[in-house]
Amino acid sequence: MERIIEIEKMELEEAEEVSLRPSGWDDYIGQEKIKRNLGVFIEAAKRRGEGLDHILFFGPPGLGKTTLAHIISHEMGANIKVTTAPMIEKAGDLAAILTNLSEGDILFIDEIHRLSASIEEILYPAMEDFRLDIIIGSGPAAQTVKIDLPRFTLIGATTRAGMISKPLRERFGMNFWMQFYNIEELSQIITLASIKLKKRCLLESAKEIARRSRGTPRVALRLLRRVRDFAEVANEEEIKIEQARYALHELGVNDHGFDDLDLRYLRILVQSKGRPVGLGTIAAAMSEDEGTIEDVVEPYLLAHGYLERTARGRVATRQTYELFSLPFEPNATLF
């Protein structure tokens, strides 16, 4: 069952996201330090008549890595080719993509941490020397064919920084860590998107949605679309605070942006009576895979102080006990 606050992209969301995607720096809200630095690097590259160095974006899903790649291509006046690492299974897949690029093009690879080691080996000379080394044949008769490539910019995006190999990471000239958004930034995103959706969201309503959006624009826009549906059925011309609160309650998203999955996770930590809980134990208790827990549930809870990771496992913080109105003591239990 899909969560309304799922940070991964849901099916059929691509077209909706594209329609609400900012096209330039003036429309892009948040990530101010990254925007400033990229603005300098883009302007410098344009003045020199060169392409950009390769760029790597780290961070949880839904923070705008793909959007930034499109804005960079727009600002550089370059074409962009978008793909994901799981789509590049064989050397021929990568060769087909690289040989179809033109001078100055941008290649965006999402989930780049999922590239196999053999594909990475082919990518290294392409990134460094703009050359493709293809081995034809096998055994003593094998030959290496070198194909010159146009100068291009590779933009990689990953949610798993630790899974990027050191040799690949070192070939990116720019590395940026995407931060969660604050309520003010999300409120602006929601307000602008509501105008595009032709159902204006009042400021207090936008803030109410923003507070429950887990610091993530993708979640904020999804909640906005669903709240808009409630307002539409109620024959409301605008999204008012009462309608927003009612809709969010019906959607099962509480004041902290938590749903049942988050609360189940936190209850497990609280019930451990202060003892660290291993990731495998949590995943088994929740009937979820470890990757979902680590990539989807934990980042927001960690960033906002609801848990700590130790060498022995996960531990609930004082803030988590307060969430359940429990005293912060090692032997506390939910039941």
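Including glycine, each Cβ sits where the backbone N, Cα and C put it.
For the ATP site that Swiss-Prot gives as Leu20, Arg21, Gly62, Lys65, Thr66, Thr67, Glu128, Asp129, Phe130, Arg171, Tyr181, the extra residue drawn from Arg218, Arg222, Arg225, Arg226 is Arg218.
Model confidence over the region 'Large ATPase domain (RuvB-L)' (1-181) is summarised by a mean pLDDT of 89. DSSP places the residues of the region 'Small ATPAse domain (RuvB-S)' (182-252) in helix, strand and coil in these numbers: 50 helix, 2 strand, 19 coil. With respect to their backbone Cα atoms, Thr66 (ATP binding site) and Arg309 (DNA binding site) stand 29 Å from each other. Neighbour count (other Cβ atoms within 10 Å of the Cβ, all protein chains): 17 for Leu20 (ATP binding site). Under DSSP, Arg314 (DNA binding site) is assigned to a strand (E or B) in the three-state scheme.
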